[in-house]
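Asks: Per TrEMBL, the feature transmembrane segment maps to 12-29, 35-52, 59-82, 88-110, 184-203, 215-238, 264-281, 287-307, 319-338, 358-375, 387-410, 444-466.
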């Protein structure tokens, strides 16, 4: 017979199906037609599956897209539209480029160079983490890969500074790495896949505006505040009163063990730098960021830096499938008018909030934090909230990019382990149960939230100046 876990999933699935059937058979409200109601019912089914975690997110979106076609809500070309769109191919190329960087060992070498240059103290080594994230962060669009690679290094540095296990100093070094490489990801669009996912939810005419340079400019105040306050907070809270200095020969030895920079690392660095230039000059050159991304990945494949086996095994195909389905969902809802209908329902309810832009932005932040407690998946949360928030932003006269970036910022929560596989991965890579302790990590989330809230508030006048509000 079935075990308890399977029985629980079956019950949850039946609840999801029954809820969808009820929605599908309700009287059709003004503003929707039969196809709109069916789309809404299928969406409810998907959301409940995300909340109840009955199956993997990417499986849910595959079934969802198929259901749109089976029930004739929209034709196949719309239900699966994103799989032939720019976002899907941009992400595929970015994943491939990230694979090449991780495989080459370039991220470790660049980070060690920064540590070697900085003072051999807690202050200096935490500063090295923040500075290296500016240069290394945008090169790899996977925060999970970056923090998992660097986490063991932070423990090694902490030990050489004389910090005991599960001490403030040890956690401080780890937290500097985690904050700089994960929480700072929204600063550069290429620092995380979620930057590209954020753009994909926006109306095409708006997403087209946010080229690589405009994204950085728009995030400038946010980035400065995050870097400064994050660094200051970590040094105030976790810097030990006494600590020995790091022997620079230890870092030199780590670099020596890696050997001189090899041909593969040089090739990867050259490809990435060329891609960054092309992304920056996207409008000037008239070459899509997606084409640049795929071309860069193709060069790594053609030169053997990324092998066909890597292509098959190291590309996150489940993530790509989820994003393809989630972006297609936006097209489906737009086609049948569900997005506008949701906006028309919520606008009068939220009018007291949307009329005050500051209050509206803070409301989005709080709702995102609360939703992440209920929905474990970051991408599922972003999908659901963008569907709701974008129409409200348009009605309130706010560029929907702001609503999306607020969602992106506050999706990275880790009060509980189930909320963040990235955090758990970095914790495990550092052998966290023995070296830092989860108690420190969960409390650190309050520090992160405070810094993020201040960064968003500080950005509002700047966004006004840029004409985004």
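Using N, Cα and C of the backbone, Cβ positions are placed for all residues, glycine too.
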Asks: At an 8 Å Cβ cut-off, counting only pairs 6 or more apart in sequence, do the transmembrane segment (264-281) and the transmembrane segment (88-110) clear the bar of 3 or more pairs?
Replies: yes
Asks: Using a Cβ cut-off under 8 Å, which residues of the same chain at least 6 positions beyond either end of the transmembrane segment (35-52) come close to it?
Replies: 12-13, 15-17, 19-21, 23-24, 26, 28, 60-61, 64, 67-68, 71-74, 329, 332-333, 336-338, 341, 374-375, 377, 380, 384
Asks: Check the transmembrane segment (88-110) against each of 59-82, 287-307, 319-338, 358-375 and return whichever range has the most CB pairs under 8 Å.
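Replies: Looking at each of 59-82, 287-307, 319-338, 358-375 in turn, the most contacts to the transmembrane segment (88-110) are made by 287-307.
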Asks: Six or more residues beyond either end and a Cβ under 8 Å away: which residues meet both conditions relative to the transmembrane segment (59-82)?
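Replies: Long-range Cβ neighbours of the transmembrane segment (59-82): 35, 38-39, 42-43, 45-46, 49-50, 88, 200, 321-329, 331-332, 335-336.
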Asks: Apart from its near flanks, which chain residues at least 6 from the ends of the transmembrane segment (444-466) lie with a Cβ under 8 angstroms of it?
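Replies: Apart from its flanks, the transmembrane segment (444-466) reaches 171, 175, 179, 183, 217-222, 225-226, 229-230, 233-234, 237, 357-358, 361-362, 365, 369, 399, 402, 406, 409-410, 412-415.
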Asks: Short question: which residues 6 or more past the ends of the transmembrane segment (287-307) have a Cβ under 8 Å from it?
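Replies: 86-87, 89-97, 99-100, 103-104, 211-212, 264, 267-268, 271-272, 274-275, 278-279, 314.
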